[in-house]
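So the structure is just underneath, and the comments pick up after that.
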Amino acid sequence: MSIALKQVFNKDKTFRPKRRFEPGTQRFELHKRAQASLSSGLDLRAAVKLPQGEDLNDWVAVHVVDFFNRINLIYGTVCEFCTEKSCPVMSGGPRYEYRWQDEHKYKKPTPLPAPQYMNLLMDWIEMQINNEDIFPTSIGIPFPKNFIQICKKILCRLFRVFVHVYIHHFDRILLMGAEAHVNTCYKHFYFFATELNLIERKELEPLKEMTSRMCL
């Protein structure tokens with residue numbers, strides 16, 4: 001990453017502190033292997049494939065945490081321009097509106113301004129990945145039986161951040177010279193999610209044309 005990009009993607013812009021893997025654990029080693037594959041210039045399609053002999057849950061856990069950190073950082077670079085006035089609805093253009101629903105305050109899908117939606121989304125994901133019952137960090141502690149389903153929901157909602165940023169704030173990404181970095185992150189996310197069937201095709205529709213140019 002260039003010096004200019006490092007200044008753009010700095011820790012002060014990050015929405016949340018990063019969740020890290022403990023050195024010496026299997027997930028830390030998987031994380032290092034995945035990062036090494038990316039930095040070596042390996043084809044992204046190949047980089048996302050489950051390594052032979054590795055556990056699917058471990059592989060998915062490593063990537064979900066990594067994507068949360070990266071996408072959190074990307075939104076952090078444009079969040080000052082994503083206001084209740086500029087983005088009164090969390091949307092991806094006129095055809096797609098995303099409503100927030102959770103198990104607590106918003107029991108029914110509720111239309112919200114984009115920044116409020118993003119805050120709730122990041123809080124919700126952070127709560128999941130910091131929950132030892134869902135994302136265990138200790139060796140020998142099993143993942144819950146519904147782990148993949150939980151990750152599908154997390155990735156589906158993270159995809160919506162890409163949708164909103166690309167459609168409503170990509171001019172800021174261009175002005176910062178961060179287009180290549182964001183595009184690479186998107187391609188990595190897209191190849192991973194589709195390789196392991198973690199996002200339904202209908203959810204990918206808002207960026208279908210862009211994706212066909214960039215990834216197919």
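Quick reminder: no glycine exception, Cβ is built from N, Cα and C everywhere.
Note that the structure is predicted; figures quoted are calculated from it, not measured.
Marked as Zn(2+) binding site by TrEMBL: Cys82, Cys87, His164, His169.
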Candidate with the highest Cβ count within 10 Å, taken from the binding-site residues His164, His169: His164
Cβ-centroid neighbourhood (8 Å) of the Zn(2+) site, Cys82, Cys87, His164, His169 excluded: Val78, Phe81, Ser86, Ala114, Pro115, Met118, Val165, His168
Around the Cβ of Cys82 (Zn(2+) binding site), the count of other Cβ atoms that are within 10 Å: 21
Residues satisfying Cβ distance under 8 Å from Cys87 (Zn(2+) binding site), sequence separation of at least 6: Pro113, Ala114, Pro115, His164, His168
